[in-house]
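Per TrEMBL, these features apply:
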COMPBIAS  830-839  compositional bias 'Polar residues'
DOMAIN    37-427  domain 'Cation/H+ exchanger transmembrane'
DOMAIN    493-631  domain 'Cation/H(+) antiporter central'
DOMAIN    642-808  domain 'Cation/H(+) antiporter C-terminal'
REGION    820-839  region 'Disordered'
TRANSMEM  24-43  transmembrane segment
TRANSMEM  84-108  transmembrane segment
TRANSMEM  120-142  transmembrane segment
TRANSMEM  154-178  transmembrane segment
TRANSMEM  190-214  transmembrane segment
TRANSMEM  226-245  transmembrane segment
TRANSMEM  266-294  transmembrane segment
TRANSMEM  344-374  transmembrane segment
TRANSMEM  409-431  transmembrane segment
Amino acid sequence: MAVNITSIKTSSNGALQGDNPLNFAFPLLIVQTIFILVLSRILAFLLKPLRQPKVIAEIVGGILLGPSAFGRNAEYMHKFFPKWSLPILETVASIGLLFFLFLVGLELDLSSVRRSGKRAFSIAAAGISLPFVCGIGVAFVLRKSIDGADKVGYAQYLVFMGVALSITAFPVLARILAELKLLTTSIGETAMAAAAFNDVAAWILLALAVALAGNGDGGSHKSPLVSLWVLLAGVAFVAFMMIVIRPGMKWVASKCSPEQDSMDEFYIVLTLAGVLVSGFITDLIGIHSIFGAFVFGLTIPKGGDFADRLIERIEDFVTGLLLPLYFASSGLKTDVTKIKGGKAWGLLVLVISTACFGKILGTFVVALMCMIPVRESLTLGLLMNTKGLVELIVLNIGKEKKVLNDEAFAILVLMALFTTFITTPSVMAVYKPARRGNNVPRERRKLRDVNDGSVSSPNAKDELRLLACAHGPGNVPSLISFIESTRSTTKAKLKLYVMHLVELTERTSSIMMVQKFRKNGLPFISRRYRRGEVHDRVAMAFQAYGQLGQVSIRPTTAISALTTMHEDICHVADEKMVSMIILPFHKQWREEEGVENMGHGWRAVNQRVLKNAPCSVGILVDRGFGGEKQTPGPNPVPTQRVCVVFFGGPDDREALELGGMMADHPNVKVTVVRFVCSKDDVENRKQVILRPSPQKSTDESYSFSVANVNRESEREQDDAAVSEFRSRWSGIAEMTEKDATNVVDSVVAIGQSGNYDLVVVGKGRFPSTMVAELADRPAEHAELGPIGDMLASSTGGIVSSVLVVQQHDLDHMEETPVSKVLNGHDDNSEIVSDASTSV
């Protein structure tokens, strides 16, 4: 039964008054939105292990909701997606699409496109032209094979098919490259530049296709001059935007300088209105409104504070809520059941094969001509075959203009899905970039190597190399304070690598940040500052410290998904032969705001670095360490009080080594507290046996090394390290011994006393008997070990900052949760089991 859309009311009077909310526009839109968001998020979660971009899940979700799957139930479609509701859903979704294309324009930096060079331009041209020609060939086949396809004029049908097969989805490609760690390799830079060229060409071709399509009645009823006038008006619009509006937007951006804490609401409203006005003008001309929004996005100055703040204001709402509605509305128009019989499925195979062949072969051949190796050339072809979002926009416009019927639309949507889905696995199979030196044994893995002269590289002699990682500006004061305290005034020269850790998300701002840094090398190592300007606030802060303290600083930025962030950290540590990585703890204590928790994802990053690091690692738990008290200068006054807690074992010896470096700094007062057992306590103390318990959770139970280590040799090394520290720093650092009768109370008292700004402890992977007795304690932060966990607890009243140190030692890399068993006597002969670890 036909429904008069004008009779549909916006809201109901409620179920209590006899109204069914699903019969009213707004309540039904809410239900539809919930359906779409829940299903797309579930699918995104399921596809995440396959490293698929979120756009795949959203398109598949829309198809499932439509007539291809759930929509086969007529009652379901009539109740939740009736025909009268689809124009409303599409209208709301189109608003999201309009602003998303504005964000795409913001992503695309035309100046970087111009700088990309002839090679990227040649690859992009080949990646467009051959698929476009192949698309024209396929169009002839489809016109003769699909019922009703020949009703559309040749010109618009050929152009739409050519555009559909030649597109590369720039936003989707950027995220795939980031996921595969290829963004800042030479192949990633070439692919991004070529995709940017492709994007510009695609929008020009799309404007041409829309102009030719007209009202979709075949084009025979209108004069060819109409299409010409539409194109000329479109060119005039672009020229006006670039010549008049672009300088105006630069002026607007200049009014929103970084010094201002807030942006005038007027400029935000002006910009959002500009998006709508631009969309209306291009729609008035006869080109789709999204073209105007895209061009307006190009006029916004890139890399400035204005663009960043603008994106922060609108992208989550647009990409998280409105854009999935667009994919769903596309899925509701996709009826896979229209592809019936061998002939139709044969056409699908033909379209997919032709799309892949044209894009991959065209890119591959030209890449080879540009002297790119065979494997890299093939990888470029596979990457440029990415479709997804932009492809879907083209197909929807084609269906809206009645150029594509249901069957052709379904075939092309499945083609876009397939080509995007296979990109990641195919690239992983063909191209696995070998990181230099992965199989070469490195030296200088521990702090002790800096002091004992075990250096093979003449350039690295007497040089302490540290890699300090930061989540943001909030980590900078404590890191600078710690690094300054390790800087010897008489011995090892300090070379500092600073890595700003930025989570790569589906947000536009992530990709824009990638583009800022992608020319600096893997992973974004800045070898020089362009005209003295550093956009990264973290890098700026450390640069200022380096100039003031005369420290060699190399700022880096790692933009990566949290699941693979550790790979970037470990890679730089390995390449630069650093002795220690300093990681910020995932919690920070603020005087006014209390505890700031960065989330489990950042905790997992630290855990993976601890497991895979090629050098020693320190996790810094900041409770106000640094800031105003620590300033490098010619006449230093002791301002930092550091306590090194020593129980014994490799990790504690590394902590003691670090304490020695700090003792050499005139600004730092170091105290070493060594816990010892009295003779009576040793005789009465029950032996502790730690048995591996793999069934325990590593997040909730402490893990210890499973290596077989000679306990007597460990005690000798502990005594030698303490004796060396005494003789080396006598009169400079204090050393006291403390009875280990009650370890927990004694350690907590050190942290609560307020006598120390920083407490340095070892993680204790091969623990002394004193630490092993704590193995069964409930763990809040198991990755820090028993002692570090006590001092990092948010409930123990600890006021000192804490550094937990793990020494790099191949013998101790394998760890497992344990269960504690007590024996009555200290008799090593009783523990000769491979399944237990005796301490």
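Residue positions begin at 1 at the first shown residue.
Backbone N, Cα and C atoms are what each Cβ position is placed from, and that goes for glycine too.
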Residues from the same chain, set at least six apart from the ends of the transmembrane segment (84-108), whose C-beta lies under 8 A from its own: 3, 5, 8, 25, 28-29, 32, 170-171, 174, 196, 199-200, 272, 275-276, 279, 289-291, 293-300, 302, 307, 310-311, 314-315, 318-319, 321-323, 325-326, 328-329, 332, 390, 393, 508, 511-512, 515
Same-chain residues near the transmembrane segment (226-245), Cβ under 8 Å, at least 6 residues beyond its ends: 207-208, 210-212, 214, 219, 274, 278, 281-282, 285-287, 291-292, 295-296, 298-299
Interface present between the transmembrane segment (190-214) and the transmembrane segment (409-431) (three or more C-beta pairs under 8 A): no
Stretch contact, the transmembrane segment (344-374) with the transmembrane segment (120-142), Cβ-Cβ under 8 Å, 3+ pairs: yes
Residues from the same chain, set at least six apart from the ends of the transmembrane segment (120-142), whose C-beta lies under 8 A from its own: 149, 157-158, 160-166, 168, 190, 193-198, 201-202, 205, 347, 350-351, 354-355, 357-359, 361-363, 365-367, 369-370, 380-381, 384, 408, 411
Beyond the flanks of the transmembrane segment (190-214) by 6 or more, those residues with Cβ under 8 Å of it: 104, 108-110, 112-113, 116-117, 119-121, 123-125, 127-128, 132, 153, 155-156, 159-160, 162-163, 166-170, 173-174, 177, 182-183, 222, 226-227, 230-231, 234, 286-288, 291, 294, 363, 372, 380, 383-384, 386, 390, 394, 397-398, 401, 403, 515, 518
Same-chain residues near the transmembrane segment (24-43), Cβ under 8 Å, at least 6 residues beyond its ends: 8-12, 54, 57-58, 60-62, 64-65, 80-82, 85, 88-89, 92, 321, 324-325, 327-328
Whole-number mean of pLDDT values that fall within the domain 'Cation/H(+) antiporter C-terminal' (642-808): 82
